[in-house]
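Enquirer: Dropping the structure in here first, questions after.
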Amino acid sequence: MSNEVINVLITGAAGQIAYSLIFNVCKGDMFGLDQRIKLHLLDIPQMVDSLKGIVMEIQDGAYPLIADTVITADVKEAFTGVHYAILVGAMPRREGMERADLLKANAAIFKVQGKALAEHANKNVKVLVVGNPANTNALIAQVSANGIPKENFTCLTRLDQNRAKSQIALKAGVNVKDVHNVIIWGNHSSTQYPDYRCGYINLSTGKTPISTAIKDEKWLQGEFISTVQKRGAAVIAARKLSSAASAAKAITDHMHDWVLGTAEGEYVSMGVYSDGSYGVPEGLIFSFPVKCANGKYTIVQGLQMDDLSKNLINLTTEELVAEKTTALQFLSE
């Protein structure tokens, strides 16, 4: 077991997603089975007693990887010295709230957290934003965090990728572990583009393109895409609560692969700072296919685009540009 202890911050730590996520971290699913961790758990003041109960459960679980815990409602205390920041907490969209109102409320939150990262966190802190609208919240945090590399800011689209892989596996009648390189492009919203074209399935006959294994182009270009785009809303309709355990699993997958690396030839989807790849404007947090090694990601280059893909990527790009414009206006107020 490593003697080095890493400091890991989870915001919104008393919430549903965090309740599943915290124990994934404790078990070593995120950073490996020999990495000791000091957990920083942040929530609003009225939730601190709930955090105390979670720490009791961590203690009662006797997790050998947990070196220490910090529970706090103080931003400075929470962000001090953190190596990894998982920003789950955000203002939820309430009934009757316009999207602009949601962007304004969250711009204020993530401006504060971006500044806190710059002032108190480790200078190479790696940041994953989960709270929605995740792409634009991540951008606000990045813009507000002077001195921290922009490539250190990411947002979660791995849940969408996992949903897409699962739909392909169900349609093909295979185990989800045999489905590879399904991509999510763009925004973590209903405009996202789930892309099967570069994906393949490991069948008994060998590596098989998804379009060959599933001979149903109408489904692949229609129902598959819309099912993944609307899956979050479908979970809420059925459960009366948003996705929690599946979101925690996706957060764990995202951080694990970013820190420990992806398998050879494997693509994963991450919302990252656009460098102009695939015609996406620079300065957006946009979901791309990436490969990870040595704690860094690189955007997969050279993938071919058909007309459908170009159109769907343009749609989600337009939405992100509009979100960015609105959010930055609020920042300047």
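Cβ atoms are placed via backbone N, Cα and C, with glycine included.
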Enquirer: Can you find which of Asn24, Asn106, Asn124 Swiss-Prot lists as binding NAD(+) at the same site as Gly12, Ala13, Ala14, Gly15, Gln16, Ile17, Ala18, Gln113, Val130, Gly131, Asn132?
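Expert: So the NAD(+) site in Swiss-Prot includes Gly12, Ala13, Ala14, Gly15, Gln16, Ile17, Ala18, Gln113, Val130, Gly131, Asn132 plus, from the candidates Asn24, Asn106, Asn124, Asn106.
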Enquirer: Between Arg93 (substrate binding site) and His188 (active site, proton acceptor), how far is it from one CA atom to the other, in Å?
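Expert: On Cα coordinates alone, these residues lie 15 Å apart.
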Enquirer: When a 10 Å sphere is centred on the Cβ of Arg163 (substrate binding site), how many other Cβ atoms does it contain?
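Expert: I get 23 for this one.
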Enquirer: Just to verify a number: CA distance, Gln113 (NAD(+) binding site) to Arg99 (substrate binding site), in angstrom, no decimals.
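Expert: So the Cα of Arg99 (substrate binding site) lies 21 Å away from that of Gln113 (NAD(+) binding site).
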Enquirer: Could you measure the widest C-alpha to C-alpha distance across Arg93, Arg99, Asn132, Arg163, the residues recorded as binding substrate, and give it to a whole number of angstrom?
Expert: 25
Enquirer: Give me the CA-CA distance between Ala14 (NAD(+) binding site) and Asn132 (substrate binding site), in Å, as a whole number.
Expert: 17
